[in-house]
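To start, the structure under review is shown below, and the notes come after it.
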Amino acid sequence: MILPNMSQQQIKMKQIEKLQKQGSIIKKIKQILLAYNFQSTRLNVCKSLYNESLIFIQMRKKQSERQSWFQKYSVLKNQRIPSQKINLSINKSKMSQDYQQQLDEAEYYSANAAILFHQSRFEEALKLYDYAIYRNPLNAKNFTAKACILFRLNRKEEALQYYDYAIERDPYDGDLLGAKGATLFTLNRYEEALQCLDCAINMNPNDALNFFNKAEILLKMNRKKEALQNIDYAINIQPNNDEHFAFKASALMQINRNEEALQNYDYAIKRSPYNANYYAAKGAILFKLNRNEEALQHYNHAIDINPYDTNYSTAKSAILIIMNQSQEALQLIDNAISRDPYNANYYAAKGKLDIVFQGTVLFKLNRNEEALQYFNYAINLDPDCVNFYTAKGSTLLKLNRNEEALQYFDYAINKTPDDARCYELKAKTLALMNRNEDAIQHYDYAITLNPDCADYYAKKADALKRMNRNEEALQFFGEASNKNPDCGDYYANIADTLKKMNRYELALEYYDYAIARNPDCANYYANKADTLKKLNRNEEALQYFDYAINKDPNFANYFANKGDVLRKMNRNEQALDYYDSAIYINPDEPHYYAVKAMTLLQMNRNEEALSYYDYAINKNPEDARYYEYKADVLRKMNRNEEALEYIDYAINRNSDYANYYAFKADTLKKISRNEEALQFFDQAIDRNPNFGDYYLNKADALRKMNRNEEALQYIDYAINNNPEVAIYYQQRAATLLQMNRNEEALYYIDYAINKNPEDPIFYEQKADTLIKMNRNEEALQYIGYAINQNPDKAQYYLQKALQYYDSAIKRNSNETLLQSNKADMIQKLNQSVEALYQLIQNIPNINDQINKFFIASYLEDQNNHD
């Protein structure tokens, strides 16, 4: 009886084991199905998750029901009602098991999502995190993880939304606020980012990352001192973090605290000695400080650590160029190409080393076409790299192929419309093409994209200055100096603009500001010297040119400019010495020969002047000015035919310049070839119809030909062009006087006197007109005015007065008083001042009292001078 019973029990146990195995297999199958077919799970609720908020509410409701059951269970347990206690215990057990299963499934999905995330399978990971969130919507970590993936997918606005969900579930987690702040930073929402980071710092003041991120944002907002303060907080918390020191070094470099920057890069290198970027960054600062040998050493370290980074090779090549080792620089890039022939950056580097540090190998070797070829290689290998288009555009710009350069800058803008640098390069090209309005528009685009770049404001100001919109230019130079108050160039640019506006005293102040910021810049001293020269403070100007020469004794212009001041002071021999110094330093500059020629001309050494103009022409035979200058000397020497020949050379080289036609017309007029002269005056007027002198000079030629009515017409054109020029009215008066229209002549000479009451010629001409009208007394009065305006020419005007006496005596030979006064005038010319004084006392009281006035005014003048 026992054996059958045992057999049945064994059978029963085997059945149980079989069922357990089946259950285990079924469970595993379910898990596999869950892992590979989530969309069929739970009626495909998670397929789109568009109703996620409703699901969340339902889950909260279930949790509320569970809590209600637990509360009832607790009450009934205390009341000790057996049957209800039993039922509630059963329900509690079932709900607890269900809730735990939800949590387990959430953990399962979350763990698998993390694996997918590390495999960069972001879309699949997002789905799993959605399933995890559905099963456990109270766990902030899943929302945070999903936010991280969305950020990686550049779906930053959605990432912010999930950070907010996470913060709702765990509002006291500072890391979440820090992560949200970092995301806001990437969206350029700086103020909001700072608020989040400040909250994170308050919750966890020992988290260095939040201080680091805050420092980055502050630096981006140009709040550099605050940025440095926050990076110091980060360093105090994590003194062994190399990135903190590297960031601090970068910030210090931006405010030109270069020695401190070098020190902090040393700290970074000490903590991370195999980070090539730190050596390269330190090399860049050393290069900036002209410590080229040290810079090369650091770039060598960077290349040793990472020989495949093209930036290090191109930077090293740029330094080699500066050190006049061009072939070695080119060899460096060729070696890199042979090592990695499919790296597009190397081909670009070979063609654009000057783009990296303003001086490519090929450009320095004048191999620009070859540079373009290498850019084409680079573009073919990597057509999406914007830098290759900008580099090719810049090279075309150097070749003066401006339209093509614009085309490549447009390609770059189309590829990266948010890159301010591309707009700046296009603006620069437009400015070179004299399309200043378009240039200003593109500088505005650059400023909008990068409002913290001081250079964009300065370059816009340059374009405005070229358009003579000087007040606006001053405003934008001011913006540039506000953005970067330590840059002397911006103050110097303000000074240059003020000088252009003839506001010389204020310009001097701004040159002083520039010098204070960079006392080693010779150009600031030279520009201040030039301003002092314009104020006729020539001795001071000489002193500042000396400062410039001491700072840079190899720059020939400073010697030539000092020579100009000495020439202005009639210290011509010294001026010649300084021009010779300029020629010695730079014998290929034609301007220095030309200004030496001008000085020799001033010393009446005309033949030598001609020879130096010949030197200038030989140095630059395409510069029309030197032919004009030589023509001017020849005309002064009455070698007019040769002068005409050289002015024709000038016209051939610059046929649009009106002055050359006017010069030729004047020369033709001088040799009485008036009809030809008129033709060339017309050509000058055609090229510059707004310059009144051309009309005036044509009028003079017409007057010589007795075509006075036409002459008056052209003088009127001159007056209409510039009604403030007194000489135009004086010339109209002279023409009218020639036509015996004396009253009209007086009317226009009065206009001239009103416009310029200090010119004695106008008073002399009025006196001539009055004499012609037999108004002798008034004529003598105006001769007196002429003497008052120019006492150095008193004898000339007294001779003029004698002529008036002769004219009066001829008209009235019986007037003895006139003869007596003429004799007295001769005495005056012989410097017999005392005799003249006695004469005045003895002049009888006659109608011609004006003579007494005239002589008395002369004596008063002489006494004042004595």
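Placed from the backbone N, Cα and C atoms, the Cβ positions cover glycine too.
Residues or ranges marked as repeat 'TPR' in TrEMBL: 106-139, 140-173, 174-207, 208-241, 276-309, 352-385, 386-419, 488-521, 522-555, 556-589, 590-623, 658-691.
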Mean per-residue pLDDT in the repeat 'TPR' (174-207) works out to 80
Taking helix as H, G and I and strand as E and B in DSSP, count the residues of the repeat 'TPR' (208-241) in helix, strand and coil.
27 helix, 0 strand, 7 coil
Same chain, outside the repeat 'TPR' (174-207) by at least 6, Cβ under 8 Å from its Cβ: which residues?
140, 144, 147-148, 151, 156-157, 159-160, 163-164, 166-167, 213-214, 216-218, 220-221, 237
How about long-range neighbours of the repeat 'TPR' (140-173): same chain, 6 or more residues beyond its ends, C-beta under 8 Å?
106, 110, 113-114, 117, 122, 125-126, 129-130, 132-133, 179-180, 183-184, 186-187, 203
Long-range environment of the repeat 'TPR' (488-521) - Cβ separation under 8 angstroms, sequence gap at least 6:
454, 458, 461-462, 465, 470, 473-474, 477-478, 480-481, 527-528, 530-532, 534-535, 551
Cβ-Cβ under 8 Å with the repeat 'TPR' (658-691): same-chain residues at least 6 beyond its ends:
624, 628, 631-632, 635, 640, 643-644, 647-648, 650-651, 697-698, 700-702, 704-705, 721
Residues in the repeat 'TPR' (488-521) grouped by DSSP into helix, strand and remaining coil
27 helix, 0 strand, 7 coil
